[in-house]
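*Asks:* Quick one: the structure is below, questions incoming.
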Amino acid sequence: MLLEALAIIFGGSLGALSRYHIGIMIMARFPHPPIPFAMLVINVLGSIALGVVLGLNLNSQLLLATLATGYLGAFTTFSTFSVEAIQLWEKQYYRQFFEYIILTVSFCIIGYLIGFSLLV
């Protein structure tokens, strides 16, 4: 139990750092997108990666805890997605609000399915 907790902490630390740095790189490349593009890309990449990890059918709970719960749990974020969606709504960017929600949910599900099916 302690080893799994440490694995999650380790993976989560790396996932959060990855999200931060990749987000900065995306925002530098696309400084004023109509929707929160960086978080969309990060969540889709994380969904693909989760599909791959789960498609591997890992026998190691420790590795699964490190990668799926720790790294990818910290790399992707539903809370930031929610905040950014509400910010679009509050600015009365209704079209962008719905686009962001539809694109994120659709692409994340499709991304997961693609990632999972790569190994099955």
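One is the number of the first residue shown, and numbering goes on along the chain from there.
A Cβ is built for glycine as well, from the same backbone N, Cα and C atoms used for every other residue.
What you are looking at is a predicted structure, and each value in this text was computed from that prediction instead of being measured.
Pasting the relevant annotations from TrEMBL:
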BINDING   GLY73, THR76  Na(+) binding site
TRANSMEM  6-28  transmembrane segment
TRANSMEM  35-56  transmembrane segment
TRANSMEM  62-85  transmembrane segment
TRANSMEM  97-119  transmembrane segment
*Asks:* Let me spell it out: take the transmembrane segment (62-85), skip the flanking residues so only those 6+ beyond its ends count, and list any with a Cβ under 8 Å from a Cβ in it.
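*Replies:* Distal contacts: 3-4, 7-16, 18-19, 36, 39, 42-43, 45-47, 49-50, 53-54, 97, 100-101, 104.
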*Asks:* Would you say which of the binding-site residues GLY73, THR76 has the most Cβ atoms within 10 Å of its own Cβ?
*Replies:* THR76
